[in-house]
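Participant: What TrEMBL records for this protein is below:
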DOMAIN    228-341  domain 'Acyl-CoA dehydrogenase C-terminal'
């Protein structure tokens, strides 16, 4: 596995990543590198999330959208070369594709707001609906959208389009809770509510799927779970590193020794490190299964999807535990509003930190069903 080299600094911004051509990593050739190693990709996103969480989220959304569209283009003849060309030459980025509930065969928006609907029109289709909490900045110029088409016979099919944010009928409104982030003690994850009102997309910019062809769309879901898992791993790494630095720098006056020399601190560090190692191992397992599936071999789609759900759930739970351990290690100072660990804790608890991972009960129900299904089949 070849690692993706990413030059990071404390002041890195999206402009820096664009100048490094990092935003083209998952684009098809000749527009980009055609990166297809999930393990290399997830490691890069985790490292970036450890240093700059909002930046990592925006870049991850763009790269996985480009990755999914690249595979869709290869297999479905998607005519989006002009979009890829603008991404490379002008530094334009993609938002994430709206999430899709394949169990109900109906796309749903991340964070609620109703499904995106696609209806036939002369020469193309019209898209209507609302997406909540779309992570964006000035570089994001394209909205990948999957609309559900309700057929007359009662079945459903899908239409995918890459819609410029400047197209007529697209409107955006910044989510209000982002503005209060500094006062509330969490990191601002800038997001917008996006409304599509009779947005027309011509046929030559559309890709349509029947319900039986949803495997191409399911790849976006697998990549989304990879994103969430990698970002949480980055948060966990950042929390443990901060706690270790604090333990080495803090002295106990009556003993004249650093906090790191005391068994209680060492046990907490060990507990957090064990959890972090398990997170990295689980993410590597999921990444390997994605690689095998996308290359045309390996395990079935259902197993990979279940592994992704399990990995995401484990990452969310383990990261919260690691942050709690880190705050215990750092002591009372970690609850002060300006402390990095207090900000991490506040971010994890904030409603603005919504990566589509919030429905834990539903996720666990899906996992239980998959396990019980495989047990009964055996």
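Backbone N, Cα and C atoms are what each Cβ position is placed from, and that goes for glycine too.
As the structure is a computational prediction, the values presented were derived from the model and not from experiment.
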Participant: Over the span of the domain 'Acyl-CoA dehydrogenase C-terminal' (228-341), count residues by DSSP class, listing helix, strand and coil in order.
Facilitator: 94 helix, 4 strand, 16 coil
Participant: Roughly where does the domain 'Acyl-CoA dehydrogenase C-terminal' (228-341) sit in mean pLDDT, to the nearest integer?
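Facilitator: Averaged over the domain 'Acyl-CoA dehydrogenase C-terminal' (228-341), per-residue pLDDT gives 88.
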